[in-house]
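These come from TrEMBL:
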TRANSMEM  50-70  transmembrane segment
TRANSMEM  77-97  transmembrane segment
TRANSMEM  131-155  transmembrane segment
TRANSMEM  167-185  transmembrane segment
TRANSMEM  197-222  transmembrane segment
TRANSMEM  269-287  transmembrane segment
TRANSMEM  308-325  transmembrane segment
TRANSMEM  331-352  transmembrane segment
TRANSMEM  364-390  transmembrane segment
Amino acid sequence: MFIVYARRALNPLASVLVVPPTSAHSSPFAAASLPRQGAGAWLGGWIAGRAPGVLLAAFIALAATTLGSLPALQSRGLGALTLAILFGMAAGALLPARLDARAAPGLDVTRQKLLRLGIILYGLRLTFQDIAAVGAAGLVLDALVVASTFGLACWAGLRLFKLERGTAMLIGAGSAICGAAAVLATQPVVKGRADQVAVAIATVVTFGTLSMFLYPVAYAWLQQAWPGLLDARSYGLLAGATIHEVAQVVVAGSAAGPQAADSAVIVKMVRVMMLAPFLILLSAWLARKDAPETDSGTGTARKVTVPWFAVAFVAMAGVNSLGVMPESLRAAGAALGMFVLAMAMAALGACTRLGAIRRAGAKPLALAAGLLVWLVAGGALMGVAVQTLLG
């Protein structure tokens, strides 16, 4: 039944996705062969060749953001980004090969180029004042959680589960920082494939949603079993430092009241702010690790590629921190950033083949499950230690 409805929904796109073959008589860009119009015609042809895929991703993102704003779906951890990749995977499975080939160039542009724009605009959701609001305890706890979780993911993923490096690192980034958005931001740095991204997102969404329900239940049980052991602020601190997605943090934090919700969201925002330095450090580490061994006497420098979009992400957060941008413009930019990220998720889903995910097996899920255990148990221990030392 789902497939029938999905095919009906995609039928109106067929006329958009099918770009007529170019010829000197039928193509609006037939003048590309004329020297005087070479540059303009080339640009027009480049845009026309990628428009079908970009429009498909935009159509899916529009549906995902519309449905993802419904409280009934948000309460179940199904936000716009999660829905976008699910709808994208459905579209990729249902599109005929001819239409899929027409959409491929635009989908590649969306999941590679537009993705970076979405990450940059994500900075409009953050301010440097968020760091000051959580104090030293929240900042140190966030740093410990990010470093230990990603390190554990790399060690366990490569040594215990024998996963590909890209898969292990993407799962680690999503679990350590901010779920699907972190997976998307890390993908260009580790050069992850579409199927690796899909697997990583599936795992962090699954266990992030599980933690969203687990934390409120555990908090309520602790309040009955050991009253006063965990106050609302400490619960919010733990939830914000260890739950995967921002939306999931909001749901879990709100279950313990406004104070817990505020504390959880602020700590989570600081954790998200760590995405940029994380990407820069990861890029430098990978450049050093992957550099071929050279003769020590040559003095050859190892090239480190700094992810420019990570720097732009911090710059955008800095502009937002100054308060010079009108709120209407900031809100519009943040909304555009989320929509572009949803487009990138849709494109990733459409480029993913379910067979590749099935071939990944149960090991990625096992790794993500182990990371959830660490986030809960290790996060609690680190939280107690940090609170004791720093207050």
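Just so it is clear, glycine is given a Cβ too, placed from its N, Cα and C backbone atoms.
Please treat TrEMBL annotations as automatic predictions, because they have not gone through curation.
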For the transmembrane segment (77-97) and the transmembrane segment (50-70), decide whether they are in contact, meaning at least 3 CB pairs lie under 8 A, counting pairs 6 or more apart in sequence.
yes
With CB pairs under 8 Å as the measure, which of the listed stretches 131-155, 197-222, 308-325 comes out on top against the transmembrane segment (331-352)?
197-222
With CB pairs under 8 Å as the measure, which of the listed stretches 197-222, 269-287, 308-325, 364-390 comes out on top against the transmembrane segment (131-155)?
364-390
Which sequence-distant residues neighbour the transmembrane segment (364-390)? Criterion: at least 6 residues beyond either end, Cβ under 8 Å.
135-137, 140-141, 144-145, 148-149, 152-153, 156-157, 161, 163, 167-168, 171-172, 175, 199-200, 202-204, 206-207, 210-211, 214, 234, 237-238, 241-243
Same chain, outside the transmembrane segment (50-70) by at least 6, Cβ under 8 Å from its Cβ: which residues?
13, 16-19, 78-84, 87-88, 91, 102-110, 114, 338-340, 342-347, 349-350
Which residues of the chain, 6 or more past the ends of the transmembrane segment (269-287), have a CB below 8 A from one of its CBs?
122, 125-126, 128, 130-131, 134, 138-139, 142-143, 145-146, 150, 169, 173, 176-178, 181-182, 185-186, 189-190, 240-241, 246, 302-307, 310-311, 313-314, 317
Using Cβ atoms and a strict cutoff of less than 8 Å, what residues sit near the transmembrane segment (308-325) while being 6 or more residues removed from its termini?
116-117, 119-129, 185, 188, 273, 275-277, 279-280, 333
